[in-house]
(Lines of atoms letter the chains of each structure in order from A and count residues from 1; the text may use other names and numbers.)
(Lines give C-alpha, C1' and ligand atoms only; values in the text may rest on other atoms or scores of the structure.)
Protein backbone atom coordinates (compact mmCIF):
# COMPACT_ATOMS: atom_id res chain seq x y z
CA UNK A 1 0.00 0.00 0.00
CA UNK A 2 1.27 3.45 -0.87
CA UNK A 3 2.38 5.40 2.21
CA UNK A 4 0.90 8.88 2.60
CA UNK A 5 3.41 11.65 2.10
CA UNK A 6 3.74 14.94 4.05
CA UNK A 7 1.51 16.74 1.55
CA UNK A 8 -1.25 14.17 1.98
CA UNK A 9 -1.03 14.40 5.79
CA UNK A 10 -1.17 18.21 5.65
CA UNK A 11 -4.20 18.09 3.35
CA UNK A 12 -5.99 15.70 5.73
CA UNK A 13 -5.36 18.04 8.69
CA UNK A 14 -6.54 21.12 6.78
CA UNK A 15 -9.70 19.42 5.54
CA UNK A 16 -10.56 17.53 8.74
CA UNK A 17 -14.24 17.92 9.61
CA UNK A 18 -15.28 19.27 6.22
CA UNK A 19 -18.44 17.57 5.03
CA UNK A 20 -18.50 16.71 1.34
CA UNK A 21 -21.67 17.18 -0.65
CA UNK A 22 -23.44 14.14 -2.03
CA UNK A 23 -22.61 15.27 -5.54
CA UNK A 24 -18.87 15.34 -4.74
CA UNK A 25 -19.07 11.90 -3.16
CA UNK A 26 -20.92 10.64 -6.19
CA UNK A 27 -18.32 12.00 -8.60
CA UNK A 28 -15.52 10.36 -6.61
CA UNK A 29 -17.25 6.99 -6.48
CA UNK A 30 -17.19 4.59 -9.40
CA UNK A 31 -20.11 2.47 -8.20
CA UNK A 32 -22.48 2.02 -11.10
CA UNK A 33 -25.22 1.31 -8.56
CA UNK A 34 -25.48 5.04 -7.89
CA UNK A 35 -27.25 5.40 -11.25
CA UNK A 36 -29.79 2.80 -10.16
CA UNK A 37 -30.83 4.39 -6.86
CA UNK A 38 -32.66 7.60 -6.10
CA UNK A 39 -30.66 10.28 -4.29
CA UNK A 40 -32.42 13.20 -2.60
CA UNK A 41 -30.85 16.48 -1.43
CA UNK A 42 -30.52 16.79 2.36
CA UNK A 43 -33.13 19.55 2.53
CA UNK A 44 -35.35 18.10 -0.17
CA UNK A 45 -38.53 17.50 1.83
CA UNK A 46 -38.29 20.76 3.78
CA UNK A 47 -37.58 22.63 0.56
CA UNK A 48 -40.58 21.20 -1.23
CA UNK A 49 -42.86 21.88 1.75
CA UNK A 50 -41.57 25.45 1.98
CA UNK A 51 -42.06 25.93 -1.75
CA UNK A 52 -45.62 24.62 -1.63
CA UNK A 53 -46.47 26.84 1.34
CA UNK A 54 -44.98 29.92 -0.33
CA UNK A 55 -46.77 29.22 -3.60
CA UNK A 56 -50.10 28.76 -1.79
CA UNK A 57 -49.62 31.98 0.18
CA UNK A 58 -48.74 33.89 -2.98
CA UNK A 59 -51.75 32.48 -4.81
CA UNK A 60 -54.11 33.32 -1.96
CA UNK A 61 -52.85 36.90 -1.82
CA UNK A 62 -53.45 37.36 -5.53
CA UNK A 63 -56.79 35.59 -5.83
CA UNK A 64 -58.38 36.46 -2.46
CA UNK A 65 -60.91 39.24 -2.57
CA UNK A 66 -61.54 39.42 1.18
CA UNK A 67 -60.73 42.53 3.26
CA UNK A 68 -59.66 46.03 2.24
CA UNK A 69 -56.65 46.64 0.01
CA UNK A 70 -54.16 48.31 2.33
CA UNK A 71 -51.33 48.71 -0.19
CA UNK A 72 -51.90 49.34 -3.86
CA UNK A 73 -48.69 47.49 -4.75
CA UNK A 74 -49.55 44.33 -2.78
CA UNK A 75 -50.39 42.34 -5.93
CA UNK A 76 -47.05 43.24 -7.53
CA UNK A 77 -45.18 42.28 -4.35
CA UNK A 78 -47.01 38.95 -4.28
CA UNK A 79 -46.11 38.29 -7.91
CA UNK A 80 -42.45 38.96 -7.14
CA UNK A 81 -42.59 36.54 -4.21
CA UNK A 82 -44.17 33.94 -6.45
CA UNK A 83 -41.47 34.44 -9.11
CA UNK A 84 -38.75 34.05 -6.47
CA UNK A 85 -40.47 30.93 -5.19
CA UNK A 86 -40.62 29.43 -8.69
CA UNK A 87 -36.96 30.28 -9.26
CA UNK A 88 -36.02 28.46 -6.04
CA UNK A 89 -38.09 25.48 -7.12
CA UNK A 90 -36.34 25.38 -10.52
CA UNK A 91 -32.98 25.39 -8.75
CA UNK A 92 -34.08 22.51 -6.52
CA UNK A 93 -35.27 20.48 -9.51
CA UNK A 94 -32.00 21.15 -11.34
CA UNK A 95 -30.06 20.06 -8.24
CA UNK A 96 -32.18 16.90 -7.93
CA UNK A 97 -31.48 16.00 -11.57
CA UNK A 98 -27.79 16.72 -11.11
CA UNK A 99 -27.56 14.45 -8.06
CA UNK A 100 -29.22 11.60 -9.96
CA UNK A 101 -27.36 12.35 -13.21
CA UNK A 102 -30.62 12.90 -15.09
CA UNK A 103 -30.10 14.82 -18.33
CA UNK A 104 -33.11 16.07 -20.29
CA UNK A 105 -33.68 17.82 -23.62
CA UNK A 106 -36.96 19.19 -24.99
CA UNK A 107 -39.75 21.63 -24.24
CA UNK A 108 -41.87 21.66 -21.08
CA UNK A 109 -40.21 18.66 -19.47
CA UNK A 110 -42.14 17.85 -16.27
CA UNK A 111 -40.42 17.70 -12.89
CA UNK A 112 -39.11 14.33 -11.66
CA UNK A 113 -41.17 12.41 -9.11
CA UNK A 114 -39.42 11.42 -5.89
CA UNK A 115 -41.88 8.77 -4.72
CA UNK A 116 -44.66 6.73 -6.34
CA UNK A 117 -47.30 8.00 -3.91
CA UNK A 118 -46.67 11.50 -5.24
CA UNK A 119 -48.09 10.56 -8.66
CA UNK A 120 -51.57 12.06 -8.68
CA UNK A 121 -54.32 9.44 -8.93
CA UNK A 122 -52.04 6.39 -9.01
CA UNK A 123 -54.14 3.38 -7.89
CA UNK A 124 -53.35 2.05 -4.44
CA UNK A 125 -53.36 -1.49 -5.89
CA UNK A 126 -50.52 -0.56 -8.23
CA UNK A 127 -48.43 0.84 -5.37
CA UNK A 128 -49.14 -2.34 -3.37
CA UNK A 129 -47.97 -4.46 -6.32
CA UNK A 130 -44.69 -2.55 -6.41
CA UNK A 131 -44.21 -2.93 -2.66
CA UNK A 132 -44.92 -6.67 -2.91
CA UNK A 133 -41.88 -7.02 -5.18
CA UNK A 134 -39.67 -4.79 -3.04
CA UNK A 135 -40.00 -1.62 -5.13
CA UNK A 136 -40.48 1.25 -2.69
CA UNK A 137 -38.89 4.20 -4.48
CA UNK A 138 -38.30 5.14 -8.13
CA UNK A 139 -34.90 4.82 -9.75
CA UNK A 140 -33.51 7.86 -11.63
CA UNK A 141 -34.93 6.70 -14.98
CA UNK A 142 -38.35 6.12 -13.41
CA UNK A 143 -38.24 9.49 -11.64
CA UNK A 144 -38.09 11.32 -14.96
CA UNK A 145 -39.57 8.99 -17.60
CA UNK A 146 -42.85 8.31 -15.74
CA UNK A 147 -43.97 11.97 -15.52
CA UNK A 148 -42.94 12.54 -19.16
CA UNK A 149 -45.05 9.60 -20.32
CA UNK A 150 -47.98 10.69 -18.13
CA UNK A 151 -47.76 14.03 -19.94
CA UNK A 152 -48.26 12.10 -23.22
CA UNK A 153 -45.03 13.20 -24.90
CA UNK A 154 -43.01 11.25 -27.46
CA UNK A 155 -39.87 10.03 -25.73
CA UNK A 156 -36.34 8.81 -26.48
CA UNK A 157 -34.74 7.41 -23.36
CA UNK A 158 -31.36 5.91 -22.45
CA UNK A 159 -30.41 4.38 -19.09
CA UNK A 160 -27.95 1.71 -17.90
CA UNK A 161 -28.92 -1.94 -17.94
CA UNK A 162 -30.74 -3.06 -14.82
CA UNK A 163 -31.88 0.48 -13.99
CA UNK A 164 -35.62 -0.22 -14.13
CA UNK A 165 -36.50 0.80 -17.69
CA UNK A 166 -39.33 -1.76 -17.93
CA UNK A 167 -41.21 -0.27 -14.97
CA UNK A 168 -40.51 3.22 -16.35
CA UNK A 169 -42.87 2.51 -19.26
CA UNK A 170 -45.04 -0.22 -17.69
CA UNK A 171 -46.35 1.94 -14.84
CA UNK A 172 -47.64 4.83 -17.02
CA UNK A 173 -49.26 2.38 -19.46
CA UNK A 174 -51.04 0.39 -16.72
CA UNK A 175 -52.12 3.64 -15.05
CA UNK A 176 -53.43 4.95 -18.38
CA UNK A 177 -55.51 1.79 -18.99
CA UNK A 178 -57.05 1.99 -15.50
CA UNK A 179 -57.76 5.71 -15.88
CA UNK A 180 -59.35 5.29 -19.32
CA UNK A 181 -61.57 2.45 -18.12
CA UNK A 182 -62.73 4.41 -15.09
CA UNK A 183 -63.89 7.32 -17.29
CA UNK A 184 -65.43 5.29 -20.11
CA UNK A 185 -68.33 2.86 -20.29
CA UNK A 186 -67.07 -0.71 -20.65
CA UNK A 187 -68.90 -1.31 -23.93
CA UNK A 188 -67.49 1.93 -25.39
CA UNK A 189 -63.89 1.54 -24.28
CA UNK A 190 -61.48 0.74 -27.16
CA UNK A 191 -59.71 -2.33 -25.83
CA UNK A 192 -56.15 -2.05 -27.18
CA UNK A 193 -54.29 0.75 -25.40
CA UNK A 194 -50.59 -0.07 -25.89
CA UNK A 195 -48.23 -2.09 -28.08
CA UNK A 196 -44.81 -2.96 -26.64
CA UNK A 197 -42.13 -4.23 -29.05
CA UNK A 198 -39.15 -6.32 -27.93
CA UNK A 199 -36.37 -7.57 -30.27
CA UNK A 200 -36.47 -11.22 -29.12
CA UNK A 201 -39.02 -13.79 -27.99
CA UNK A 202 -37.28 -14.27 -24.64
CA UNK A 203 -37.19 -10.57 -23.83
CA UNK A 204 -40.83 -10.14 -24.90
CA UNK A 205 -41.87 -12.93 -22.53
CA UNK A 206 -39.87 -11.43 -19.66
CA UNK A 207 -41.54 -8.05 -20.24
CA UNK A 208 -44.96 -9.71 -20.36
CA UNK A 209 -44.32 -11.33 -16.97
CA UNK A 210 -43.32 -7.94 -15.55
CA UNK A 211 -46.59 -6.42 -16.79
CA UNK A 212 -48.55 -9.25 -15.16
CA UNK A 213 -46.77 -8.68 -11.84
CA UNK A 214 -47.37 -4.93 -11.81
CA UNK A 215 -51.01 -5.09 -13.00
CA UNK A 216 -52.37 -7.83 -10.72
CA UNK A 217 -55.68 -6.98 -8.98
CA UNK A 218 -56.29 -4.25 -11.58
CA UNK A 219 -58.73 -4.28 -14.56
CA UNK A 220 -55.91 -4.63 -17.08
CA UNK A 221 -55.62 -7.37 -19.71
CA UNK A 222 -52.07 -8.11 -20.93
CA UNK A 223 -51.32 -10.30 -23.94
CA UNK A 224 -48.10 -11.99 -25.03
CA UNK A 225 -48.52 -12.36 -28.80
CA UNK A 226 -47.62 -15.88 -29.85
CA UNK A 227 -50.21 -16.54 -32.57
CA UNK A 228 -51.20 -14.59 -35.67
CA UNK A 229 -54.12 -12.69 -34.17
CA UNK A 230 -54.40 -9.98 -31.54
CA UNK A 231 -57.00 -10.97 -28.90
CA UNK A 232 -60.03 -8.69 -28.91
CA UNK A 233 -59.99 -8.12 -25.16
CA UNK A 234 -56.28 -7.22 -24.89
CA UNK A 235 -55.42 -3.81 -23.41
CA UNK A 236 -51.65 -4.24 -23.70
CA UNK A 237 -49.89 -6.37 -26.32
CA UNK A 238 -46.23 -7.38 -25.89
CA UNK A 239 -44.67 -8.83 -29.03
CA UNK A 240 -41.64 -9.19 -31.24
CA UNK A 241 -41.81 -7.13 -34.47
CA UNK A 242 -41.99 -10.25 -36.63
CA UNK A 243 -44.99 -11.71 -34.76
CA UNK A 244 -46.87 -8.41 -34.88
CA UNK A 245 -46.20 -7.98 -38.61
CA UNK A 246 -47.72 -11.42 -39.25
CA UNK A 247 -50.75 -10.47 -37.14
CA UNK A 248 -51.16 -7.23 -39.08
CA UNK A 249 -51.27 -9.14 -42.37
CA UNK A 250 -54.57 -10.67 -41.26
CA UNK A 251 -55.88 -7.41 -39.89
CA UNK A 252 -53.87 -4.35 -40.85
CA UNK A 253 -55.84 -2.05 -38.54
CA UNK A 254 -54.98 -1.30 -34.95
CA UNK A 255 -57.63 -0.03 -32.53
CA UNK A 256 -58.32 3.69 -32.93
CA UNK A 257 -57.98 3.97 -29.16
CA UNK A 258 -54.29 3.04 -29.18
CA UNK A 259 -52.33 5.46 -26.99
CA UNK A 260 -48.85 3.95 -26.80
CA UNK A 261 -46.25 2.38 -29.06
CA UNK A 262 -43.22 1.35 -27.00
CA UNK A 263 -39.98 0.20 -28.64
CA UNK A 264 -37.65 -1.42 -26.13
CA UNK A 265 -33.97 -1.99 -26.99
CA UNK A 266 -34.56 0.63 -29.67
CA UNK A 267 -30.98 0.67 -30.99
CA UNK A 268 -31.84 -2.67 -32.63
CA UNK A 269 -34.19 -0.64 -34.81
CA UNK A 270 -31.59 0.11 -37.47
CA UNK A 271 -29.60 -3.10 -37.19
CA UNK A 272 -29.41 -4.73 -40.63
CA UNK A 273 -27.19 -7.70 -39.79
CA UNK A 274 -30.17 -10.06 -39.95
CA UNK A 275 -30.84 -9.32 -43.65
CA UNK A 276 -33.64 -7.32 -45.25
CA UNK A 277 -36.43 -9.82 -44.53
CA UNK A 278 -35.67 -10.05 -40.81
CA UNK A 279 -34.45 -6.48 -40.38
CA UNK A 280 -36.07 -4.83 -37.38
CA UNK A 281 -36.18 -1.50 -39.24
CA UNK A 282 -38.24 -2.86 -42.14
CA UNK A 283 -40.63 -4.63 -39.77
CA UNK A 284 -40.97 -1.48 -37.67
CA UNK A 285 -41.98 0.54 -40.76
CA UNK A 286 -45.01 -1.74 -41.22
CA UNK A 287 -45.92 -1.49 -37.53
CA UNK A 288 -45.41 2.29 -37.43
CA UNK A 289 -47.83 2.80 -40.32
CA UNK A 290 -50.45 0.62 -38.60
CA UNK A 291 -50.04 2.52 -35.31
CA UNK A 292 -50.24 6.07 -36.66
CA UNK A 293 -53.41 7.34 -34.97
CA UNK A 294 -53.56 10.92 -33.73
CA UNK A 295 -53.59 9.81 -30.10
CA UNK A 296 -50.55 7.51 -30.35
CA UNK A 297 -47.41 8.48 -28.42
CA UNK A 298 -44.11 6.72 -29.18
CA UNK A 299 -41.46 5.92 -26.61
CA UNK A 300 -38.02 4.47 -27.41
CA UNK A 301 -35.99 2.86 -24.60
CA UNK A 302 -32.47 1.45 -24.63
CA UNK A 303 -29.21 1.28 -22.69
CA UNK A 304 -27.49 3.30 -25.42
CA UNK A 305 -28.18 6.19 -27.76
CA UNK A 306 -27.78 5.04 -31.35
CA UNK A 307 -27.11 7.98 -33.69
CA UNK A 308 -29.40 6.50 -36.35
CA UNK A 309 -32.32 6.10 -33.93
CA UNK A 310 -31.80 9.57 -32.47
CA UNK A 311 -31.70 11.11 -35.94
CA UNK A 312 -34.83 9.20 -37.02
CA UNK A 313 -36.72 10.30 -33.91
CA UNK A 314 -35.78 13.95 -34.36
CA UNK A 315 -37.05 13.85 -37.95
CA UNK A 316 -40.25 11.87 -37.34
CA UNK A 317 -41.46 12.65 -33.82
CA UNK A 318 -43.13 15.88 -32.82
CA UNK A 319 -42.20 17.72 -29.62
CA UNK A 320 -40.03 14.84 -28.44
CA UNK A 321 -38.44 14.64 -24.99
CA UNK A 322 -35.00 13.07 -24.55
CA UNK A 323 -33.76 11.56 -21.28
CA UNK A 324 -30.31 10.19 -20.53
CA UNK A 325 -29.23 8.71 -17.20
CA UNK A 326 -25.48 9.00 -16.67
CA UNK A 327 -22.98 9.44 -19.50
CA UNK A 328 -24.12 8.65 -23.00
CA UNK A 329 -22.96 5.31 -24.41
CA UNK A 330 -20.64 4.56 -21.50
CA UNK A 331 -19.77 1.18 -20.00
CA UNK A 332 -20.90 0.37 -16.48
CA UNK A 333 -18.15 0.94 -13.93
CA UNK A 334 -19.49 -1.71 -11.51
CA UNK A 335 -18.31 -4.36 -14.00
CA UNK A 336 -14.59 -5.14 -13.85
CA UNK A 337 -13.49 -5.01 -17.50
CA UNK A 338 -10.45 -6.67 -19.07
CA UNK A 339 -9.20 -6.36 -22.63
CA UNK A 340 -6.88 -9.26 -23.50
CA UNK A 341 -4.81 -9.76 -26.66
CA UNK A 342 -5.09 -13.43 -27.64
CA UNK A 343 -3.18 -13.19 -30.94
CA UNK A 344 -5.29 -15.71 -32.83
CA UNK A 345 -8.42 -17.85 -32.60
CA UNK A 346 -6.28 -20.57 -31.02
CA UNK A 347 -5.08 -18.04 -28.44
CA UNK A 348 -8.68 -17.25 -27.52
CA UNK A 349 -9.33 -20.90 -26.73
CA UNK A 350 -6.20 -21.06 -24.56
CA UNK A 351 -7.30 -17.89 -22.74
CA UNK A 352 -10.83 -19.23 -22.23
CA UNK A 353 -9.49 -22.51 -20.82
CA UNK A 354 -7.22 -20.63 -18.41
CA UNK A 355 -10.09 -18.38 -17.33
CA UNK A 356 -12.42 -21.29 -16.61
CA UNK A 357 -9.81 -23.44 -14.88
CA UNK A 358 -8.32 -20.75 -12.63
CA UNK A 359 -10.76 -18.06 -11.53
CA UNK A 360 -14.16 -19.07 -12.85
CA UNK A 361 -17.21 -18.09 -10.80
CA UNK A 362 -20.33 -19.31 -12.60
CA UNK A 363 -22.68 -18.46 -14.19
CA UNK A 364 -21.20 -16.96 -17.36
CA UNK A 365 -22.48 -15.66 -20.70
CA UNK A 366 -20.18 -16.15 -23.70
CA UNK A 367 -20.79 -14.02 -26.78
CA UNK A 368 -19.82 -14.97 -30.32
CA UNK A 369 -20.60 -13.26 -33.62
CA UNK A 370 -22.68 -15.98 -35.32
CA UNK A 371 -24.82 -19.06 -34.72
CA UNK A 372 -22.23 -21.24 -36.46
CA UNK A 373 -19.45 -20.09 -34.14
CA UNK A 374 -21.69 -20.67 -31.12
CA UNK A 375 -22.21 -24.24 -32.28
CA UNK A 376 -18.45 -24.66 -32.74
CA UNK A 377 -17.54 -23.27 -29.30
CA UNK A 378 -19.85 -25.46 -27.20
CA UNK A 379 -17.88 -28.74 -27.67
CA UNK A 380 -14.63 -26.89 -26.92
CA UNK A 381 -16.02 -25.81 -23.53
CA UNK A 382 -17.50 -29.26 -22.89
CA UNK A 383 -14.03 -30.79 -23.38
CA UNK A 384 -12.52 -28.81 -20.49
CA UNK A 385 -11.35 -30.61 -17.36
CA UNK A 386 -13.13 -30.41 -15.01
CA UNK A 387 -16.13 -30.26 -17.39
CA UNK A 388 -18.22 -27.10 -17.57
CA UNK A 389 -22.01 -27.60 -18.01
CA UNK A 390 -22.76 -25.49 -21.10
CA UNK A 391 -25.52 -24.89 -23.64
CA UNK A 392 -26.18 -22.46 -26.46
CA UNK A 393 -29.23 -20.47 -27.48
CA UNK A 394 -29.84 -19.37 -31.06
CA UNK A 395 -32.74 -18.60 -33.38
CA UNK A 396 -32.34 -22.13 -34.80
CA UNK A 397 -33.47 -23.59 -31.49
CA UNK A 398 -37.18 -23.99 -30.81
CA UNK A 399 -38.83 -21.71 -28.26
CA UNK A 400 -39.14 -24.69 -25.90
CA UNK A 401 -35.42 -25.48 -26.22
CA UNK A 402 -34.44 -21.86 -25.60
CA UNK A 403 -36.72 -21.57 -22.58
CA UNK A 404 -35.35 -24.84 -21.21
CA UNK A 405 -31.74 -23.65 -21.60
CA UNK A 406 -32.51 -20.33 -19.88
CA UNK A 407 -34.36 -22.10 -17.05
CA UNK A 408 -31.40 -24.45 -16.49
CA UNK A 409 -29.04 -21.47 -16.54
CA UNK A 410 -31.12 -19.68 -13.91
CA UNK A 411 -31.36 -22.77 -11.71
CA UNK A 412 -27.60 -23.38 -11.81
CA UNK A 413 -27.68 -26.65 -13.75
CA UNK A 414 -25.85 -24.86 -16.59
CA UNK A 415 -22.78 -22.80 -15.76
CA UNK A 416 -22.15 -21.22 -19.16
CA UNK A 417 -24.50 -20.07 -21.92
CA UNK A 418 -23.13 -19.37 -25.41
CA UNK A 419 -25.14 -16.89 -27.46
CA UNK A 420 -25.06 -14.20 -30.15
CA UNK A 421 -25.80 -10.49 -29.68
CA UNK A 422 -29.43 -10.87 -30.73
CA UNK A 423 -30.23 -13.78 -28.41
CA UNK A 424 -28.35 -12.26 -25.47
CA UNK A 425 -29.93 -8.83 -25.82
CA UNK A 426 -31.97 -7.80 -22.83
CA UNK A 427 -32.09 -11.21 -21.14
CA UNK A 428 -32.95 -10.61 -17.50
CA UNK A 429 -30.60 -13.19 -16.03
CA UNK A 430 -29.96 -12.18 -12.45
CA UNK A 431 -26.69 -13.17 -10.85
CA UNK A 432 -24.53 -13.43 -13.99
CA UNK A 433 -20.98 -13.14 -12.66
CA UNK A 434 -19.01 -13.25 -15.89
CA UNK A 435 -19.41 -12.09 -19.49
CA UNK A 436 -16.87 -13.29 -22.05
CA UNK A 437 -16.64 -11.56 -25.41
CA UNK A 438 -15.05 -14.47 -27.26
CA UNK A 439 -15.52 -12.50 -30.49
CA UNK A 440 -14.89 -8.76 -30.40
CA UNK A 441 -18.16 -6.75 -30.48
CA UNK A 442 -18.75 -4.95 -33.77
CA UNK A 443 -19.66 -1.64 -32.10
CA UNK A 444 -19.52 0.27 -28.82
CA UNK A 445 -23.27 -0.19 -28.44
CA UNK A 446 -22.93 -3.95 -28.83
CA UNK A 447 -20.14 -3.97 -26.23
CA UNK A 448 -22.19 -1.99 -23.70
CA UNK A 449 -25.20 -4.27 -24.12
CA UNK A 450 -23.09 -7.42 -23.83
CA UNK A 451 -21.33 -6.50 -20.60
CA UNK A 452 -24.62 -5.12 -19.27
CA UNK A 453 -25.76 -8.70 -18.76
CA UNK A 454 -23.57 -8.76 -15.63
CA UNK A 455 -23.39 -6.23 -12.80
CA UNK A 456 -27.15 -5.67 -13.00
CA UNK A 457 -29.08 -3.68 -10.39
CA UNK A 458 -25.87 -2.41 -8.78
CA UNK A 459 -24.21 -5.82 -8.27
CA UNK A 460 -20.57 -6.41 -9.17
CA UNK A 461 -19.62 -8.23 -12.36
CA UNK A 462 -16.67 -9.23 -14.53
CA UNK A 463 -16.27 -8.90 -18.31
CA UNK A 464 -13.39 -10.28 -20.38
CA UNK A 465 -12.93 -9.29 -24.03
CA UNK A 466 -10.52 -11.14 -26.32
CA UNK A 467 -9.09 -9.65 -29.50
CA UNK A 468 -6.72 -10.91 -32.19
CA UNK A 469 -4.42 -9.40 -34.79
CA UNK A 470 -7.30 -9.23 -37.25
CA UNK A 471 -9.24 -7.07 -34.75
CA UNK A 472 -6.55 -4.40 -34.36
CA UNK A 473 -8.13 -2.04 -36.90
CA UNK A 474 -11.34 -1.95 -34.85
CA UNK A 475 -10.08 -2.18 -31.28
CA UNK A 476 -9.65 1.52 -30.43
CA UNK A 477 -13.34 2.43 -29.79
CA UNK A 478 -13.81 -0.54 -27.43
CA UNK A 479 -10.51 0.18 -25.66
CA UNK A 480 -11.53 3.82 -25.19
CA UNK A 481 -14.85 2.88 -23.58
CA UNK A 482 -13.10 0.51 -21.16
CA UNK A 483 -10.49 3.15 -20.31
CA UNK A 484 -13.18 5.78 -19.69
CA UNK A 485 -14.89 3.36 -17.28
CA UNK A 486 -11.68 3.42 -15.20
CA UNK A 487 -9.96 0.18 -16.24
CA UNK A 488 -6.53 -0.46 -17.70
CA UNK A 489 -6.09 -1.43 -21.35
CA UNK A 490 -2.94 -2.05 -23.42
CA UNK A 491 -1.60 1.42 -24.19
CA UNK A 492 -1.14 0.73 -27.90
CA UNK A 493 -4.86 -0.02 -28.34
CA UNK A 494 -5.61 3.64 -27.63
CA UNK A 495 -3.13 4.74 -30.30
CA UNK A 496 -4.48 2.59 -33.12
CA UNK A 497 -6.15 4.46 -35.95
CA UNK A 498 -9.86 5.15 -35.66
CA UNK A 499 -12.07 3.10 -37.98
CA UNK A 500 -13.82 5.22 -40.61
CA UNK A 501 -17.61 5.61 -40.75
CA UNK A 502 -17.64 3.42 -43.83
CA UNK A 503 -15.71 0.69 -42.01
CA UNK A 504 -18.04 0.91 -39.01
CA UNK A 505 -21.14 0.52 -41.18
CA UNK A 506 -19.60 -2.39 -43.06
CA UNK A 507 -18.73 -4.08 -39.77
CA UNK A 508 -22.34 -3.76 -38.58
CA UNK A 509 -23.66 -5.39 -41.75
CA UNK A 510 -20.99 -8.08 -42.15
CA UNK A 511 -19.21 -9.54 -39.15
CA UNK A 512 -15.46 -10.07 -39.77
CA UNK A 513 -14.31 -13.35 -41.31
CA UNK A 514 -12.72 -15.67 -38.79
CA UNK A 515 -11.21 -19.14 -38.78
CA UNK A 516 -13.37 -21.96 -37.48
CA UNK A 517 -13.29 -22.96 -33.82
CA UNK A 518 -12.23 -26.62 -33.61
CA UNK A 519 -12.93 -29.21 -36.29
CA UNK A 520 -16.21 -28.62 -38.07
CA UNK A 521 -18.36 -31.04 -40.03
CA UNK A 522 -18.86 -30.15 -43.69
CA UNK A 523 -22.64 -29.95 -43.22
CA UNK A 524 -22.21 -27.34 -40.48
CA UNK A 525 -19.73 -25.41 -42.60
CA UNK A 526 -22.20 -25.35 -45.49
CA UNK A 527 -24.92 -24.10 -43.19
CA UNK A 528 -22.68 -21.27 -42.10
CA UNK A 529 -22.36 -19.80 -45.59
CA UNK A 530 -25.52 -17.75 -45.16
CA UNK A 531 -23.82 -16.10 -42.18
CA UNK A 532 -21.14 -14.65 -44.47
CA UNK A 533 -18.44 -17.20 -43.64
CA UNK A 534 -15.54 -17.32 -46.14
CA UNK A 535 -16.00 -19.79 -48.99
CA UNK A 536 -12.46 -21.03 -49.02
CA UNK A 537 -11.52 -24.04 -46.92
CA UNK A 538 -10.87 -22.89 -43.38
CA UNK A 539 -8.07 -23.95 -41.13
CA UNK A 540 -9.07 -25.85 -38.04
CA UNK A 541 -8.22 -24.28 -34.72
CA UNK A 542 -8.02 -26.38 -31.58
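Any Cβ shown, glycine's included, is placed from N, Cα and C.
Remember, predicted model here, so these are calculated numbers, not experimental data.
Matching 57-85, 86-114, 115-143 against TrEMBL, the residues noted as motif 'Q motif' span 115-143. Long-range contacts of the domain 'DEAD-box RNA helicase Q' (115-143) within the same chain: residues 35-38, 100-102, 150, 157, 159, 163-165, 167-168, 171, 174-175, 178-179, 213-218, 323, 325, each at least 6 residues beyond the stretch ends and with a Cβ under 8 Å from a Cβ of the stretch. Residue counts for the domain 'DEAD-box RNA helicase Q' (115-143) under DSSP, split into helix (H, G, I), strand (E, B) and coil, are 16 helix, 0 strand, 13 coil.
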